[in-house]
Amino acid sequence: MSDLKKAAQQAISLMDLTTLNDDDTDQKVIDLCHKAKTPAGDTAAICIYPRFIPIARKTLNEIDGDDIKIATVTNFPHGNDDIAIAVLETRAAVAYGADEVDVVFPYRALMAGNETVGFELVKACKEACGEDAILKVIIESGVLADPALIRKASELSIDAGADFIKTSTGKVAVNATLEAAEIMMTVISEKNPKVGFKPAGGVKDAEAAAEFLGVAARLLGDDWATPATFRFGASSLLTNLLHTLELGDAPQGAQGY
């Protein structure tokens, strides 16, 4: 198997197969659950809006997809600085049955010089997850832009108890970049290599996936990237990976996240 095919195979096992669109329906989520059981093995998770968690759980149970985690989003997509609302949304997501919660860090507050609210919001949402769900923190690196801010958001999130740090919501102009990945995984290597990393949005093909995995290997070791420490947030990526593995049709034009 070529290196590119190996990267494609690995990326599928690390994927949070995502639909976070305003026009999502029960049927779209059911279809997503079926897609997550790919000819190359299951994706790590699906990522959906909280209201679809019950139908996703029912569907995964029906198709022997119990190993596929259900991730959802809170404080999404704007990363507001109201801690109480973020906590209520996170508690509700866990009550719905989410295995994983991707919460948006209040990145605009950080850009305005407020480091405290981000730390406190992540800490409170981590407490809301309890032992029932892991917490991924979306720092919106493409809007932060400044390497010092990307580093600070990563440090604050990890210090507050994040299980993963994630680049992007997929709802802004600049999503996952190798530059942000380098900064974020450097912070992980310095602070706690058990914390995971999730590039999201903009990872479109096996070549791009391989580049992100390469950064992980260089900074954290060849065996570091597993579903416990690395995820790709993506929707259109899966089609390309299956095509690379000669298990699916060629991708049809540009598709979102």
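Each Cβ is built from the backbone N, Cα and C atoms, and glycine gets one as well.
Here is what Swiss-Prot says about this protein:
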ACT_SITE  D102  active site, proton donor/acceptor
ACT_SITE  K166  active site, schiff-base intermediate with acetaldehyde
ACT_SITE  K198  active site, proton donor/acceptor
Residues that sit under 8 angstroms from D102 (active site, proton donor/acceptor) by C-beta distance, when 6+ apart in the chain: C47, A71, T72, V73, T74, F76, K136, V137, I138, K166, K198, G233
Number of other Cβ atoms within 10 Å of the Cβ of K198 (active site, proton donor/acceptor) across all protein chains: 27
DSSP state at D102 (active site, proton donor/acceptor), helix/strand/coil: strand
